[in-house]
Amino acid sequence: MAEPEAKKQQLQEQFYNQSIDTVREELDTSLDGLTPQDADKRFAEYGANALAEGKRKSNLMRFIDQFKDFMIIVLLVAALVSGFVGHEWADAAIILAVVLINAIMGVIQESKAEEAIDALREMSTPDAHVRRGGQVLTIKSEQLVPGDVVLLEAGDIVPADLRLTDSASLKIEESALTGESVPVDKDVATLEGDDIGIGDRTNMAFMNANVTYGRGEGIVVGTGMNTEVGRIAGMINSAEETTTPLQTNLNQLGKILTVLILVIAAVMFLVGYFLHGEAPLDMLLISISLAVAAIPEGLPAIVTIILALGTQKMAKRNALVRKLPAVETLGSTDIIASDKTGTLTQNKMTVEQMYYWGKLHPASEDIPLDDDALLMMNLANDTKIQGDGKMLGDPTETALVQFGLDKGFDVREQLKQWPRVGEVPFDSDRKLMSTVHQLPDGRFLVAVKGAPDQLLERATQVELGKDDIQPLDDTRKQAILDQNMDLAKQAMRVLGMAYKFVDALPDPLDSDTVENDLIFAGLVGMIDPERPEAAQAVAKAKSAGIRPIMITGDHQVTAEAIAGRLGIITPGDDAAVLTGAQLDDMSDQDFEKNVSKYSVYARVSPEHKVRIVKAWQKRGKVVAMTGDGVNDAPALKSADIGIGMGITGTEVSKGASDMVLADDNFATIVVAVEEGRKVFANIQKAIQYLLSANLGEVLTLFIMTMMGWDVLKPVQLLWINLVTDTFPAIALGVEPTEPGIMKRKPRGRNSNFFSGGVASSVIYQGILEGALTLGVYLFGILHPVHTSQGDIHADALTMAYATLALIQLFHAFNVKSIHQSLFTVGFFRNKAFNWAILVSTLLVGVTIVVPGFNGLFHVRELDLYQWLTVLSAGVLMLVIVEIIKFVQRRMGKE
Ligand SMILES: Nc1ncnc2c1ncn2[C@@H]1O[C@H](COP(=O)(O)OP(=O)(O)OP(=O)(O)O)[C@@H](O)[C@H]1O
Ligand SMILES: [Ca+2]
């Protein structure tokens, strides 16, 4: 993509030592933001807000790269020499053609693989909230231009360099720029001096930094390469994380195979030349051809393509893979640790019960509008009510505002009289949030809501009626806690409300100064129904040997009730609930020892998630972990598969994840695991197919040479390699799911593409292919249809060629499952595969049956009897492998 030449007139000034007004004028914008037209104009002028990418390889470069392979060069030179010396120009031409086609296919494969990886990256560009023409819009951060007004909140990734214009408890973590991992407090005050380091520019926010706390706003002063990261990073590496661990594994194996095959080729050459007196050039050509055919250099690209096709399938099913290795790892998942709210449940909160003035009332009852519980739950609330009555905000909070409106209490009116002047935002560690309001009489009201247990620790009094405030003694406290427990047992999320009056605005405004000495006002119990598909997905995961684990900030009793309904804990099993506090009391060793006892974690904070991941990993398990908040990022990173939430997730958490759920749905994780298992199995199939075929080729040629028999011609071997390798291998990569794939145990952390019987299958099946091919050759010699020795040998060699090619295509059916019978898996369920086999068969067939063509390939027409011999070998290949699989299944059962 040609980047529009980004405007060179750089905004080089230091913005931190200029007042907001100056910055605003300088960038010709207002706090209402740019007009959309203005934004478009600037976009044309400045270009996209993206870091430049490293140079891309052109297709021509890729094509040329295909010939960097030493073997290919030797092959071409040898072909040319044989053309000159032996006047075998037809051979040389075919070899050249095959090499060219091979190179073109290589280019296509590589660019397909890269396209797929591009698509992954495209998907992961973050969103930004921007104000334009007075309207708040969500746009791709690439669309930002200098002068835009950007809104920040906890969990956002700063989308460009900003001069802050507003901040409320704003904290930003800038370690990527400064190396300092402690979040920096930000405000809007203009700084003095012009020599202030990046880490100290407290009124600026820099691209790619993480907002960890609070809220803010700022004017974009730099985009794309004209940002601090742009200057530092220079270029982003476009090649990151494109090879997966198992691919690396495979590459290593590839190197070993290469050496092995070269040794075999060398031995072949020496034996053929010295012992059997073959022409050296012929021997060289066939040895090199063997090396070219048998070295599986296309394998990594094929694996990438299969993985990439897997990501497309997953995307259709709402699992957006951000990092290719995740596809591979997903299939091996042992543990799915999932947040409760929104993932297992719908995150549609509805108030069911309310407790105030010492009594519980169903939500259907009328409520006195002057009760302070109702007031506080509306005040300590970030919900925005839009013009059309639609509510924006956290479902827990919108439910409360909705409840108020339903009862006839409109918080908007209240806020006009009691404006909010301060806040201590909610965080999942404290499990509280507070707002401070200016009262007409000059005093301030502190409104607090949050987890009842937390709240009661900070309350000293309780409201028991209108203007009836009593000390919160132990009996009263116990009564509230009992009530809390009762609601929780009914699977409700319970929030408590409290308040106090103060004479002056606390300074500094934080939890310690605000959230103490409170008057307890009441409780509210909310139901968040399970997702309808969740229980089934839990059952499916369990039947696949995967342990679902629920993690929640909610009360343990609520958690237990919901986990019970979902089947995460079942009455019989001893899987227990562990709370964050209990976890805090456990040593790492203790926890590791006991981790398998717990399926539910309640009242935990994000830090606990990291311990849960690590403990399971220590036990050798592959852990998938969900997360949505900014504090979840470390857990998402340490999990084998970090799973972000597409709808409710913060940008920071999405950035830290390997996969994002477009629908936030637990069931989608299970679907993705199933896809991951399928993709893994299909890669194994492609590998098993290719390597057994190659082994068959090597054995056939090696033994032919050793025995001094006729040896297949280079063009024959190269043609077999060209037409029977790639198509079926890629087609095997899109095989439908094998029956019962979610009834097996996870494959285990240390498994690789050769685990589970693939290695041994490659070996015995390769030997079988070679043996049958040689058998057909000998059969052709021993049961000739002609009498002249020349005819007999030419026929036998043609039969061997046909067999070696077609037996691979027959064998492709075997490979559809490592252990299951072809009759279980089905012969023709994969359209792409059927086509691949058909095309490959035709391409082999034409070289034999089309007169003239067969001359080029040094083969002859076969009669029916000979064809039947060839086809019998193919059928035998099917039958023998079926029998061996049958025996293996029998032995496996015992
Ligand atoms: N907006 C809020 N204001 C005050 N307290 C809240 C708010 N949201 C949640 N809480 C309290 O904090 C506790 C933990 O909430 P948190 O947000 O950490 O859990 P969650 O992530 O929403 O749920 P889960 O962990 O099940 O996905 C809740 O049980 C509730 O008591
Ligand atoms: Ca091959």
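Cβ atoms are placed via backbone N, Cα and C, with glycine included.
Now, the feature entries from TrEMBL:
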type: DOMAIN; residues: 14-87; note: domain 'Cation-transporting P-type ATPase N-terminal'
type: TRANSMEM; residues: 67-86; note: transmembrane segment
type: TRANSMEM; residues: 92-108; note: transmembrane segment
type: TRANSMEM; residues: 256-277; note: transmembrane segment
type: TRANSMEM; residues: 283-309; note: transmembrane segment
type: TRANSMEM; residues: 687-709; note: transmembrane segment
type: TRANSMEM; residues: 715-734; note: transmembrane segment
type: TRANSMEM; residues: 754-780; note: transmembrane segment
type: TRANSMEM; residues: 792-813; note: transmembrane segment
type: TRANSMEM; residues: 833-853; note: transmembrane segment
type: TRANSMEM; residues: 865-884; note: transmembrane segment
How about the transmembrane segment (865-884) with the transmembrane segment (715-734) - do they touch, taking at least 3 C-beta pairs under 8 Å (6 or more apart in sequence) as contact?
no
Long-range environment of the transmembrane segment (833-853) - Cβ separation under 8 angstroms, sequence gap at least 6:
719-720, 723-724, 727-728, 730-732, 734-735, 798, 801-802, 805-806, 809, 812, 816, 859-862
Interface check, the transmembrane segment (715-734) with the transmembrane segment (754-780), three or more C-beta pairs under 8 A:
no
Within the same chain, where does the transmembrane segment (754-780) have neighbours whose Cβ lies under 8 angstroms from its own Cβ atoms, ignoring anything closer than 6 residues to its ends? I mean 6 or more beyond.
253, 684, 687-688, 691-700, 703-704, 709-710, 747-748, 792, 795-797, 799-800, 803-804, 807-808, 811, 814, 818-819, 866, 869-870, 873, 876-877, 880-881, 884, 888
Across the domain 'Cation-transporting P-type ATPase N-terminal' (14-87), what does the pLDDT come to on average, as a whole number?
86
Chain residues outside the transmembrane segment (687-709) and at least six past its termini with a C-beta under 8 angstroms from it:
250, 261, 264, 267-268, 271-272, 275-276, 286, 290, 293-294, 296, 299, 302-303, 717, 720-721, 724-725, 728-729, 732, 753-754, 758, 761-763, 765-771, 773-774, 777, 800, 804, 807-808, 811-812, 815, 818
